[in-house]
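Straight from Swiss-Prot, the features:
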type	residues	note
MOD_RES	M1	N-acetylmethionine
MOD_RES	S177	phosphoserine
MOD_RES	S215	phosphoserine
Amino acid sequence: MNAARTGYRVFSANSTAACTELAKRITERLGAELGKSVVYQETNGETRVEIKESVRGQDIFIIQTIPRDVNTAVMELLIMAYALKTACARNIIGVIPYFPYSKQSKMRKRGSIVCKLLASMLAKAGLTHIITMDLHQKEIQGFFSFPVDNLRASPFLLQYIQEEIPNYRNAVIVAKSPDAAKRAQSYAERLRLGLAVIHGEAQCTELDMDDGRHSPPMVKNATVHPGLELPLMMAKEKPPITVVGDVGGRIAIIVDDIIDDVESFVAAAEILKERGAYKIYVMATHGILSAEAPRLIEESSVDEVVVTNTVPHEVQKLQCPKIKTVDISLILSEAIRRIHNGESMAYLFRNITVDD
């Protein structure tokens, strides 16, 4: 497309070729070309970004997929956004299918809400809008001072189930923990299938029995009620792992938003096999697949892992043929087209509920 006529350009902020595949798919659907830029790491480890064409007065979309080197990808995005802001781009929209640090969106003891810090950094760098997909916590949208479109991958995964899983009508949707039950219920209702929930082996949070007090107790407590102590939350017990729901003689489809460390999925597959499931699928939006994930999946009872291409995982697919990919470039390219043309985004969220 002619940049002067359309008034928008699409750039990729990734410095590695493997991470630009999604950007190429999106631009092909738009009938556009990737903007001319150079992103690379200098010998001293610093990230450098050079914009090789005029972007003055245009809508700029930066596509940034997150590889294993998360911090480098974040710096690439920040520096490119700032470079485009300095070059007088009209609007700078970040297309970040998997939003990094989304697991650090809650306060834990003396930690910090890193996701909120990243949101502030992106705004300071010059971003005016973000398109993302299946945020780990929907409340993350409130961290931003500009619009965030949180698209859903579930329509693509539901379509995969209907078209690629033989005899899917004999399947049951499984939540690998009670926390994932709402997502699993949404899938089950749309496919008119049964629901099962795996419960047990609850992970205890870190206990801190030292109250950190160096001062003497309150005078009233010390004199009137010497035995009074602050009530403490009871520690969680670890009940035996169990499956709530019937999976005997069925296909089990475990659904979640992120597959990173796969030990919990492997354990879930084992218990489902013991309970009579004859085939097991794992489906998620973001396939991070860290560390030994490909080997563990290959050696496990899981028959197939289905993820979208929000995160590049071609190396993991070579290591484990069980991993399959669903392309979501269609919805991202449509979102870009609608935002640039000032059209409603409501159609992309049709039939989406708060539990999706």
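The chain as shown is numbered from 1 upward.
Backbone N, Cα and C define each Cβ position, glycine as well.
If you draw a 10 Å sphere around the CB of S177 (phosphoserine), it holds 17 other CB atoms from the protein chains shown. In the three-state DSSP scheme, S177 (phosphoserine) is classed as coil.
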